[in-house]
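J.: Can you keep this structure in mind? I'll have questions shortly.
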Amino acid sequence: MPMRIGADPFKDRVEKGLNDAFMRNSVRSAQERLYGKRLDAAEELGSWEDWRNLGEEIRSHTLENLDYYLYELSEKMEENGGHVYFAKTAEDANHYIQEVVKRKNGKKIIKSKSMVTEEISMNEALESLGCEVIESDLGEYILQIDDHDPPSHIVVPALHKNKSQIRDVFKEKLGYLNTDKPEELTLFAREKLREEFLSADIGITGCNFAVAESGTITLVTNEGNARLATTLPQTQITVMGMERIVPTWEELDVMISLLSRSAVGQKLTTYVTALTGPKATLEGDGPEEFHLVIVDNGRSNMIGTKFQEALHCIRCAACINVCPVYRHVGGHGYGSIYPGPIGAVISPLLGGYEEYGELPFASTLCAACTDACPVKIPLHELLNKHRKKMIEGKGLTAEKIAMRGFQYGTTLPILYQVGTKLAPFLSLPFQTNGFLTKGPGPLKAWTTIRDMPAPNNERFRDWFQKRQKEDLGE
Amino acid sequence: MNVSLFITCLGDIFYPNVGKSVVEVLERLGCEVDFPYSQTCCGQPAYNSGYHGETREAARRMINTFENSSYVVGPSGSCVAMFSEYEELFHNEPEMQRKARSLKERSYEFTQFLVDVLNVTNVGASFNATATYHKSCHMTRLLGVNDAPEALLSEVDGLSYRKLPNCENCCGFGGTFSVKMEAISKEMVDEKINNIQSTGADLLIGADSGCLMNIGGRINRLQKPVKVMHIAEVLTQREVK
Amino acid sequence: MSEQILNRESFLSSLAQKLGRSTPKTVEIPKWKHQPQWEVLKNTSQDELVTVFKKQCETIHTDVIETEKEQLADVIKERIEAYNGNSISTWNDKRFDQYGIFSKTEAMIHAWDPRMKDNVNVAEQADIGITFCDLALAESGTVVLFSNEEQGRSVSLLPTTYIALVPKSLIVPRMSQAARIIHHRNKAGEFPATCVNFISGPSNSADIEMNLVVGVHGPIKTTYIIISDL
């Protein structure tokens with residue numbers, strides 16, 4: 001699945017989301033649950049602001065020295081007996097992965113959850129070789145079985161589906177016979193997937209954080225699927241976005257503590273698995289061959305720009321879980337596998353304004369995201385920077401002319417005086433009971449859903465001036 | 001204490017009564033209020049739409065307008081928070097940057113000024129109503145004004161206060177967002193209104209004209225039995241029980 | 001450059017260029033201005049750490065039993081029976097014999113054996129996996145496992161039930177202390193294991209309507225046995 005999901009234009013996607021009552025209900029309840037859990041986890045820890053400051057410090061130091069740490073990581077990885085491939089583009093990455101799979105004569109591939117492999121359309125590349133690629137994260141598995149329904153959240157990918165929809169999918173595609181109880185559905189998936197794990201040739205994982213000092217990759221899960229995917233198949237391929245790295249184990253601790261708390265409100269997720277190279281010769285399980293694919297795919301365009309901080313993201317989805325726009329539109333509305341505030345920041349950077357230009361405007365800049373971010377990415381400011389960049393790239397538009405007008409209106413007192421003084425009279429035809437219920441221009445969009453107070457005949461400044469004169473007169 | 005009133009453009013044109021109430025409360029508390037007439041708009045509508053160049057000149061005007069004020073007080077957290085953005089707009093003009101920083105340091109949202117500078121929470125208001133309060137996003141998150149409004153409201157005699165569920169969620173205003181993305185904005189404001197009604201309150205109090213214009217405009221359209229008031233208007237009430 | 005590392009030079013030099021400098025030869029990790037991680041459970045006694053550990057286990061759906069070496073064999077027998085375990089997968093760990101841990105149970109014990117081929121299948125067929133832990137974290141109720149040829153990864157993963165033996169002296173406040181130990185061992189050229197697992201209770205998922213379901217790919221039930229005099 002590529003980064004782009006669905007071919008519909010933005011407005012249609014939004015409308016579809018707004019009309020999907022079930023999806024909105026489940027997003028609402030998920031947001032509320034995760035909001036509470038995250039706050040509890042932060043509060044229980046105490047000095048949460050110190051933790052965030054530390055997280056920010058570590059991320060900015062790491063990104064400022066990214067080339068150095070990637071070098072160190074690859075050196076260590078080689079020492080440990082692993083292979084490292086630096087992929088500039090999605091095609092590079094897929095090509096290398098295809099070559100490894102062909103050489104190992106891989107037929108069945110089991111995956112644990114990975115956003116970057118979605119971003120580069122890796123599954124399709126492997127399926128084109130005739131391989132069977134099986135997603136093992138429960139949410140991803142459900143989506144895959146349901147004819148590749150796209151994910152709508154980066155941590156809870158099937159958030160938009162309800163249990164009876166899931167039961168129907170299992171029934172239709174896999175012959176499931178039980179009820180829609182989550183316990184029964186989960187047990188069924190466990191048994192199905194256990195068979196797949198045991199017979200898979202190759203395990204493919206993402207990477208939450210690589211540790212440069214020891215050449216380690218770490219995987220953070222609750223289900224244990226990443227452990228299975230790295231324990232049973234003989235070959236392991238790990239695909240990581242190039243920014244997902246920390247200098248040493250000490251920083252790993254901090255980042256994982258922040259991630260677990262921010263993503264799911266846990267002190268630690270059930271499993272944190274740290275893999276350092278292939279298994280030792282005498283070990284009875286673990287991969288014999290280990291490949292790490294480090295992916296750029298547009299990320300380096302952010303380096304050295306005002307958007308570099310977007311690379312600090314640790315994919316916890318805390319911003320998504322507090323976003324009031326995501327709450328109503330849902331993940332698919334964003335048209336990208338990266339939804340919500342962070343998605344609205346990075347999708348245009350990775351995929352361009354042509355495809356994702358609307359996203360930075362789909363925000364009230366309420367800053368809930370910025371407040372929630374465990375590494376203090378100023379998300380709402382970055383959204384505004386996108387707006388600025390897009391506007392500077394455009395020629396003279398009606399809006400630009402209006403904004404010039406605004407500039408003159410606010411800087412030339414005489415214009416402000418006349419404009420605001422005239423407003424009550426100009427709006428007179430549209431007034432009912434002190435409110436405007438329809439009107440031209442922006443007023444039209446405003447009044448499609450709400451009324452507008454009518455401009456007052458006496459502005460505050462007129463009142464104040466009059467009062468001052470009266471005072472002086474006394 | 002001398003205070004310069006920053007009325008905000010919405011306050012000047014649409015909500016003069018809010019400004020009058022601010023003057024009344026401040027004067028009652030012994031402040032000398034002046035109103036620099038050269039003020040216009042803080043520039044936020046342009047700034048948040050990405051027109052940073054156009055904003056700069058509005059910013060320059062506001063900085064000069066309030067250059068000699070010891071305190072600048074405005075009845076809208078969002079507009080006061082906009083002053084914090086000025087410094088970055090003048091990255092090529094160190095002198096203006098210094099002035100921008102100075103303006104930021106002297107500026108307060110109305111309730112913030114009462115509680116943090118004047119150290120007052122009881123202004124002697126009394127008002128019989130069942131009310132809830134809408135926390136504005138910019139005021140809480142960008143300006144860091146969290147508890148002042150509720151502290152003031154808790155001292156209003158006769159006011160029965162109900163906490164608003166999901167009060168941290170934006171009302172859907174967002175400046176030009178409200179007209180550019182009106183379909184999403186509508187869902188946001190409708191959820192907000194449902195939450196307000198779920199408290200049983202017959203009065204919604206806010207401290208930011210933008211939010212109140214949005215929520216109030218929708219309440220008016222839907223003919224919901226909820227009155228909307230700015231906190232300054234509530235604090236001038238002297239109802240006898 | 002070896003064949004084990006491909007495309008590195010061009011990739012990194014383009015990053016260096018965007019960072020506006022050449023790749024540094026060494027980078028000093030700064031002394032972080034904020035270090036709240038060392039304040040958590042600071043100056044907490046070992047007994048208090050046990051209390052915190054046990055409390056957290058309630059949250060993560062894990063049973064905890066505290067015992068002494070002497071009673072260990074009885075506790076193990078009781079637990080295995082409670083889980084209806086007939087077949088047990090374990091590490092090849094001399095402490096099992098040393099403390100006579102399996103001296104009372106009648107279940108079949110299969111120790112991990114690097115000379116055998118079917119360790120994984122045996123573990124997959126076993127009802128219960130039992131291992132010691134190499135460290136434990138009080139704050140998160142976590143056991144830390146280092147894998148090697150005697151200590152298979154599968155033992156704590158494939159059986160439906162997992163029992164971890166936790167020597168009390170190995171409990172540290174939180175992940176920070178464990179990470180520091182690993183960091184120092186790495187610096188000393190003694191990296192502890194090809195696979196380090198931090199395990200906090202049974203596997204679970206909330207992928208269906210955000211309902212927590214305990215037991216997905218890994219174990220469905222978990223018990224920790226704290227050995228207070230080890």
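Our numbering is plain: 1 for the first residue shown, then up by one each step along the chain.
Just so you know, glycine gets a Cβ as well, placed from its N, Cα and C.
Values in this document were obtained by computation on a predicted structure and should not be read as measured data.
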J.: Pick the one from A:Cys366, A:Cys373 that TrEMBL also lists for the [4Fe-4S] cluster 1 site with A:Cys313, A:Cys316, A:Cys319.
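T.: That [4Fe-4S] cluster 1 site, as TrEMBL gives it, pairs A:Cys313, A:Cys316, A:Cys319 with A:Cys373.
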J.: Near chain B by Cβ (under 8 Å): which of the binding-site residues A:Cys313, A:Cys316, A:Cys319, A:Cys323, A:Cys366, A:Cys369?
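T.: Cβ contacts with chain B under 8 Å: A:Cys366.
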J.: What count of other C-beta atoms do you get within 10 angstroms of the C-beta of A:Cys313 ([4Fe-4S] cluster 1 binding site), across all chains shown?
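T.: That number is 23.
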J.: List the Cα distance (Å, whole number) between A:Cys316 ([4Fe-4S] cluster 1 binding site) and A:Cys369 ([4Fe-4S] cluster 2 binding site).
T.: 12
J.: Per DSSP, what is the residue count of the domain 'Lactate utilization protein B C-terminal' (A:393-469) in each of helix, strand and coil?
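T.: Helix/strand/coil tally for the domain 'Lactate utilization protein B C-terminal' (A:393-469): 50 helix, 6 strand, 21 coil.
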J.: With DSSP as the reference, give the number of residues of the domain '4Fe-4S ferredoxin-type' (A:310-377) in helix, strand and coil.
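T.: Helix (H, G, I), strand (E, B), coil: 42 helix, 1 strand, 25 coil.
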J.: If one looks at the chain holding A:Cys366 ([4Fe-4S] cluster 2 binding site), which residues at least 6 apart in sequence have a CB under 8 angstroms from its CB?
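T.: Residues satisfying the criterion: A:Pro324, A:His380.
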J.: If you draw a 10 Å sphere around the Cβ of A:Cys319 ([4Fe-4S] cluster 1 binding site), how many other Cβ atoms fall inside it, taking every protein chain shown into account?
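T.: I count 27 other Cβ atoms within 10 Å of it.
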J.: Could you say which of the binding-site residues A:Cys316, A:Cys369, A:Cys373 has its Cβ with the most other Cβ atoms inside 10 Å?
T.: A:Cys369
J.: When you measure from the Cβ of A:Cys323 ([4Fe-4S] cluster 2 binding site), how many other Cβ atoms are you left with inside 10 Å?
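T.: The answer is 30.
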J.: Do me a favour and check the Cα-Cα span between A:Cys313 ([4Fe-4S] cluster 1 binding site) and A:Cys323 ([4Fe-4S] cluster 2 binding site); whole Å is fine.
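T.: Between the alpha carbons of A:Cys313 ([4Fe-4S] cluster 1 binding site) and A:Cys323 ([4Fe-4S] cluster 2 binding site) there are 16 Å.
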J.: To the nearest Å, how far is the Cα of A:Cys323 ([4Fe-4S] cluster 2 binding site) from the Cα of A:Cys373 ([4Fe-4S] cluster 1 binding site)?
T.: 11
